[in-house]
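Single-structure report; data block below.
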Amino acid sequence: MINAFYLARALKTFRPHHQFLCRGYSTHIATGNTACEDHEPSFLKSVEMYFDKAAGISGVSQKTLSHMKAPDCMLKVTFPIEIKDKVEIITGFRVHHSRHMLPVKGGIRFATDVDEQEVTALAALMTYKCAIVDVPFGGAKGGISIDPKNYTDAEVERITRRYTVELCQKSFIGPGTDVPAPDVGTGAREMAWIMDTYRQFHPNEVDSIGCVTGKPIPLGGVRGRNESTGLGVYYGIREFVSYPEVQKHTGLSGDIKDLRIIIQGFGKVGYWAAKFFEQNGAKIIGIGEKECGVYNPNGLNIDKLFNYRRSRGSFLGMPNVDIIEDPLEILELECDVLIPAALERQIGLRNADKIKAKIVGEAANGPTTPLANEVLLMKGILVIPDLLLNAGGVTVSHPRKKRCKK
């Protein structure tokens, strides 16, 4: 019920005041992954199921709930890019789930599985996340269906800039309208390209650099933005285990130094979460990535692990660790806190009953399916939902929002 509790809290603070004619979303069902059974709901359907459960305890009127559930606006664009003497058609998306507050806010991801359904689900989560942490943004999300590793830097730049042109022409970007941010497959570099392209369309706009967050610091970026989501994961778990009732239920002492932690995902969120836990005395015993996982019950050195993977492109061959060939198996190892910090639907009915953690801290968006969430709760595993735990990035993006105290 913890997911429903936080989402219900978001629904109570969310008050849309108008409706747009371009509402609607696709009913396309994406394929699952090896963690999920075939009959489990898609990512978008999972978000809607969590919404319906929370709506039942929110006390919000059915009329308002009906408006909240569907996205306000959706943009799908296709454009040609010449790649190595051939023309490739690139597909991109941007969804405004709720424009009850402007600007809308949400990342842009570059990944091959980006589609209309995924972007719609992520945009909805952004709306509820902003409501929970009380920042005045609506929810949005965007993406391009590519694997950036298959392109040169110059080709990724051309794709990014052309996508931005499409957003500019359709009024789906702007400091007072829609402010994108980094996500899976993107970072400060892509945000700089987006900002530069936007400014070419709006040369006289004095606040044009505010069209994106997550920019490089010399170009107006916010210090700490890069590590903010990982830091929010650390703060959220630190505070959660400090409650006596949590300690009684889990048998944990409440001291960060006593925690044994496994993290799935070693990108911007997973790496920084690992760093902050390590710096504060916790023992990171497992890290999972898409090619494999690494495990050492005596603890991993995060910087050595990061530098090894950056130089080799993989954890394979790393000395003094056990290599876990199946990346999903890292989720099933015994630990105190399991942090899925990769992609959605990583804990499903095929592996939920194998989870041995005492606490699951959802650092990714939608890593646990609704049915798997019920299995975890029946096993007595506490779940800290993504709506609260990975909201550090959007919190830092609002400069007037009070920061968490260390």
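For all residues, glycine too, the Cβ spot is worked out from N, Cα and C.
Some features that TrEMBL has for this protein:
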| type | residues | note |
| --- | --- | --- |
| ACT_SITE | LYS141 | active site, proton donor |
| BINDING | LYS105, LYS129, SER397 | substrate binding site |
| BINDING | THR229 | NAD(+) binding site |
| SITE | ASP183 | site 'Important for catalysis' |
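In this view, LYS105 (substrate binding site) is surrounded by 27 other Cβ atoms within 10 Å of its Cβ, with every protein chain counted. The 10 Å shell around the Cβ of SER397 (substrate binding site) contains 20 further Cβ atoms across the protein chains shown.
Within the same chain, residues at least 6 positions away in sequence whose Cβ sits under 8 Å from that of ASP183 (site 'Important for catalysis') are GLY107, ILE108, ARG109, LYS141, GLY143. The residues near the substrate site, meaning same-chain residues not in LYS105, LYS129, SER397 whose C-beta sits within 8 angstroms of the mean position of the site's C-beta atoms, are GLY106, MET126, CYS130, VAL135, PHE137, GLY139, ALA181, ALA391, GLY393, VAL394, THR395, HIS398, in sequence order. Every protein chain considered, the tally of other Cβ atoms within 10 Å of the Cβ of LYS141 (active site, proton donor) stands at 31. THR229 (NAD(+) binding site) and LYS129 (substrate binding site) are 13 Å apart (CA-CA, integer value). For the substrate site listed in the record, the two most distant Cα atoms among LYS105, LYS129, SER397 lie 13 Å apart. A distance of 11 Å separates the Cα atom of THR229 (NAD(+) binding site) from that of SER397 (substrate binding site).
Every protein chain shown contributes to the tally, and the Cβ of LYS129 (substrate binding site) ends up with 28 other Cβ atoms within 10 Å.
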